[in-house]
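Presented below is the structure to which this report refers.
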Amino acid sequence: MLRKVLAYKNLLFILLLLNSACFFLTDDKRAGVPYLRELFLLMVISATACLFVVWKWVYQSRTSLWIVWMGVCLPLLSASLAYLNFGQPLVYGLLEERRFFEYLVFFPMLFLLIMARPTEEELGKYFLYVALTCATFGFCYYLGIIPQNTVASFTVDDWTQYEDLLRPDRYRIGSAFVTISAFMLMYNLRERVNTTKVVILLYLVAYLWLVMQTRQTMLVWGLAGLWIFRKRIDSLMKMSILGLVMLGISYFLVPEFYVAQYERFHALLFEATSGPGVRDLTVATIIDAIRENNFIGMGALSLQWQGGFSRIYNSHFYLSDVGIFGVYYRYGFMALAVLLIYYGGYLWIMRQVPNKGALLSSIQIAFVFGMMNFMLSNGLTFAGDLYGMAAAFFVYYAKMQYADSSITLNPGQVDYGQFQYRHYKLE
């Protein structure tokens, strides 16, 4: 039995690691194993289909309906609208919207959670290990230890080329895992300041600044830290002093490095606050296009089909860059219903767990800050891997807490398996 549980826990960790996209080749980081993402996605879809055949529990959860809506109905709807508006074959539409299918990771993740039965603290450790793996891989790419993939090439638009001049060697590997792990460390440090955890947090902060280089994420980390420590100013001061001491020592060792980082910070700030950019032009184009189409959604075009949007609008028109406006372009007047189901449904899922530990609280705060930034956040369309996985966490621990409370109220119950209890009477 012990070997069986350990095997399921090993599979759980492997699924977490693969779901982080650490080894995938993407146009974002242009490094990794080609087609591994598509192979993993095929495995997730196949596992989901098998679970729907042999595992009755998937039909007993209302969260399953939300996952099917997000992971199956929305990509089919977008692909159909693109076919009706532009004549793009459904296959290309589904290929373009394949990231939606990542919501289906909910089902194999939930199955492994039920079989492995980890505590939230154990799962948090797995999550942190994956985040550190992603950060280490990111630093290896950043430092040139692991070269970029030269076999597969990507079409990089002119906007990305100019952006790379300001932020060269930018790799957003496992950004969601790193962000949630940073929040989780903050929650732990709020209760007790630990030197090891402060060092790990500084390592993740360095990864954010040097490798990920995402301004919105930097702002979210700062706001989340203030929220987490809002009632423990003493812990915040201790952690800040310890961090400043470490940074001060490193400054005296390599002052040139900090001078270069200050100059880059000034350049990033100027670029962020200077006049209208590519996103503003894309938003204006979307608003005009949907109005001319009688507010009916137009779906999404794939670069693999006649160059995608580049032949219709311009070479830097990307729906992934404009958050809610990308959803509006895809679904038109139906976008409001799509957003309400997405945000309302996930808030309901998170509320099912009354007693959240550091991991679930970190996921919750990440989602809430993403919701506050809904104008530019593309979580709905591009974070299915994260929120499909996290939904499984919430469903599993909601069931576990409910089962524990039932045993407390009815001590005569006997456990006959996961989530299934029968009343035992002494004859």
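Cβ atoms are placed via backbone N, Cα and C, with glycine included.
Only residues 6 or more beyond the boundaries of the transmembrane segment (6-27), in the same chain, are considered here, and those with a CB under 8 A from a CB of the stretch are 33-37, 40, 102, 105, 108-109, 112-113, 115-116, 118, 122, 126-127, 129-131, 133-134, 137, 149, 152, 154, 156, 173-174, 176-177, 385, 389. Annotation comment: TrEMBL describes 6-27 (among others) as transmembrane segment.
The transmembrane segment annotation in TrEMBL covers 39-59 (among others). Counting only same-chain residues 6+ beyond the ends of the transmembrane segment (39-59), those with a CB under 8 A from a CB of the stretch are 18-19, 24, 98, 101-102, 104-105, 107-108, 111, 114, 419.
Away from its own ends, the transmembrane segment (65-86) comes close to residues 92-94, 96-98, 100-104, 106-107, 293, 296-301, 312, 330-332, 334, 338, 341-342, 345-346, 349, 380, 384, 388, 391 of its chain (Cβ-Cβ under 8 Å, at least six residues beyond either end). If you look up TrEMBL, you'll see 65-86 (among others) marked as transmembrane segment.
Nonlocal intrachain contacts for the transmembrane segment (98-114), taken as residues 6+ away from its ends with a CB within less than 8 angstroms of a stretch CB, comprise 8, 11-12, 15, 19, 38, 41, 44-45, 47-48, 51-52, 55, 57-58, 63-64, 67, 70-72, 74-75, 78, 123, 381-382, 384-385, 387-389, 391-393, 395-396, 418-419. What TrEMBL lists as transmembrane segment is 98-114 (among others).
For 126-144 (among others), the entry in TrEMBL reads transmembrane segment.
Here TrEMBL flags 241-260 (among others) as transmembrane segment.
For 328-350 (among others), the entry in TrEMBL reads transmembrane segment. Listed by sequence, the residues of this chain that lie at least six past the ends of the transmembrane segment (328-350) yet keep a Cβ under 8 A from its Cβ atoms are 63, 66, 69-70, 74, 77-78, 81, 286, 289-290, 293, 295-300, 319, 360, 363-364, 367, 371, 374, 380-381, 387, 391, 394-395.
The transmembrane segment annotation in TrEMBL covers 357-376 (among others).
For 382-398 (among others), the entry in TrEMBL reads transmembrane segment.
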